[in-house]
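To start, the structure under review is shown below, and the notes come after it.
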Amino acid sequence: MTLVRRKSQAPEKPKMDGVYYTGEKGPKFGVRYVQMVIIAFSTGVMLSTKGMFSVLIVAMIKNGSSTNPDVPYYTWNNTNVIISAILWGGLPFQLLAGYLGKEHGPKWLIVGTQLINSIAFFIIPFAAQILGSTGVILCRLVQGVAQGAYSPLQVCVGGIWTPPEERARLSFIGSCSATLTIMVSSIVAGVVSKSSLGWPWGFYSFGALNLAYAIFYMIFGHQSPETHPSISPEEKMYIQVSLSQQPGKNIPTPWRKIFLSTPVWAIVIAQIGINFFLTLFSSDKSLFLDKIMKYDIQSNGVIGSIPTLCACVSGVGIAYMSDYSVQSGRFSVINSRRIFHLMGSITISILLIVLTYIPSEYRAWAIVDLCFIDIFIIFTLVAGSYINIYDVSPLFSGIIHGISNTLADAIGILAPLTVQWCVTGDQENVEQWRTAFGIASTITIVSGITFAIFATDKRQEWEGETPDVKLDRKLSILSLEEAIGKF
């Protein structure tokens with residue numbers, strides 16, 4: 001392993017806690033990239049069943065949405081309760097899943113959640129036919145159990161495979177891959193619902209896809225660098241030293257210190273705000289486009305995918321900006337996290353309110369607005385509070401995510417219900433939509449400001465590094481200033 005020391009002649013630049021590894025890193029596109037792409041598409045396939053439901057539910061309650069008159073439709077008035085049911089099911093399991101993922105590895109737990117989610121989604125048309133909206137709610141609750149448990153497990157994977165200096169890049173790969181999958185699901189939901197097959201085939205097709213991907217992940221997903229059969233010794237060393245991994249050593253979870261940690265609560269509050277926004281936005285965007293902007297169900301699905309594609313493409317630049325802002329010395333790591341998260345939170349909140357002032361005859365501008373909302377959401381996902389979890393504690397990232405997501409989803413349950421409470425009777429009353437969107441925007445901005453004040457990038461003492469391991473990491477990693485000096 002090589003150490004490079006160089007005295008900088010330039011003004012001192014901000015330093016990074018953890019900083020840069022200088023030994024051999026193995027292949028440029030190593031197994032860490034493969035594993036992150038695999039888990040990213042896994043996340044996309046899993047969440048596609050959550051995202052496309054907002055399109056499918058519109059088709060389920062709208063007569064004539066399909067060209068086939070035999071496709072059933074229902075006169076339910078509790079659609080937002082149905083949409084939010086998926087959040088209820090996941091609440092009790094997120095923290096437990098994060099803990100089990102840290103203790104036993106995430107792979108087989110992920111496979112289990114994928115299997116449960118695929119079956120629950122596949123049978124929704126049968127449940128609707130037999131039990132009505134109650135049957136759909138029950139299926140959504142089961143999906144919530146699977147997706148709630150999955151969420152901290154996929155964060156565990158990131159904590160195991162993502163070195164500090166590659167977090168923004170690998171985070172973008174994950175977000176982009178998942179986003180593309182969700183985008184395709186939105187298009188499929190709209191096209192299938194309008195076709196002679198009808199909305200039930202939206203459930204059948206993606207239920208089957210989830211089952212197939214569970215089998216794929218069972219074969220190609222791996223627990224950790226230590227157990228991967230073909231990882232190079234150089235790449236294994238790079239990951240393990242960068243993340244202070246200690247194979248074979250079980251570090252007890254410092255529950256009390258985690259719950260009393262100000263940086264952890266800064267992340268929790270930030271994610272509560274973003275999750276509330278995302279839940280309301282993703283759950284009711286299709287209904288808003290249908291009732292206010294007057295888009296039909298097929299256009300709804302395609303149009304909903306355009307902003308997603310824009311966000312995915314722009315994510316390349318956002319990830320680069322995040323990394324460059326630190327590597328160039330313009331910002332410290334934490335100031336980069338603060339600026340990107342706060343910029344994203346404020347911008348999406350303003351744009352959501354602006355959306356309600358666009359007349360339906362100028363509805364093309366609504367798509368432009370939605371594109372910018374999705375782009376600035378990426379600011380928070382690949383460069384803000386979401387990757388700050390790995391700064392604070394990669395070892396306990398799954399547990400911290402379990403805590404933050406449990407609380408975020410508990411409050412996020414109120415997001416679609418907020419629309420139901422505000423948009424009463426006449427769903428074409430834009431003033432009522434503006435009130436609901438204003439509530440979401442306020443929560444998002446306040447949470448973003450809170451994160452900007454209290455967040456940190458410092459690896460926490462309760463992370464569990466022994467003095468020897470901590471010294472070994474510092475001797476094997478360059479400060480950001482020294483890394484820049486090599487070029």
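Numbering starts at 1 and runs along the chain as displayed.
Each Cβ is built from the backbone N, Cα and C atoms, and glycine gets one as well.
Copied from TrEMBL, the annotated features are:
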{"type": "DOMAIN", "residues": "28-459", "note": "domain 'Major facilitator superfamily (MFS) profile'"}
{"type": "TRANSMEM", "residues": "37-61", "note": "transmembrane segment"}
{"type": "TRANSMEM", "residues": "81-101", "note": "transmembrane segment"}
{"type": "TRANSMEM", "residues": "108-128", "note": "transmembrane segment"}
{"type": "TRANSMEM", "residues": "170-192", "note": "transmembrane segment"}
{"type": "TRANSMEM", "residues": "201-220", "note": "transmembrane segment"}
{"type": "TRANSMEM", "residues": "258-281", "note": "transmembrane segment"}
{"type": "TRANSMEM", "residues": "302-320", "note": "transmembrane segment"}
{"type": "TRANSMEM", "residues": "340-358", "note": "transmembrane segment"}
{"type": "TRANSMEM", "residues": "365-387", "note": "transmembrane segment"}
{"type": "TRANSMEM", "residues": "436-455", "note": "transmembrane segment"}
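Non-local neighbours of the transmembrane segment (201-220) in the same chain are 38-39, 41-42, 45-46, 48-49, 52, 55-56, 59, 107, 110-111, 114-115, 117-119, 121-125, 185, 188-189, 192-193, 195; each lies 6+ residues outside the stretch with a CB under 8 Å from one of its CB atoms. The transmembrane segment (258-281) and the transmembrane segment (37-61) are not in contact, since fewer than 3 Cβ pairs between them lie under 8 Å (pairs 6 or more apart in sequence). Per-stretch counts of Cβ pairs under 8 Å to the transmembrane segment (340-358) identify 365-387 as the leading one among 37-61, 81-101, 302-320, 365-387, 436-455. Comparing 37-61, 81-101, 302-320, 365-387, 436-455 for CB pairs under 8 angstroms to the transmembrane segment (108-128), the maximum falls on 37-61.
Within the same chain, the transmembrane segment (81-101) stays apart from the transmembrane segment (302-320): fewer than three Cβ pairs sit under 8 Å, each pair at least 6 residues apart. Counting Cβ pairs closer than 8 Å to the transmembrane segment (436-455), the top stretch among 37-61, 302-320, 365-387 is 365-387. Below 8 angstroms of C-beta separation, residues 167-168, 171-172, 175, 266-267, 270-271, 274, 277-278, 281, 285, 289, 293, 303-304, 306-308, 310-311, 314-315, 318-319, 321-322, 336-337, 340-345, 347-348, 351-352, 354-355, 358, 448, 451, 455 of the same chain, each at least six residues beyond the ends of the transmembrane segment (365-387), sit close to that stretch.
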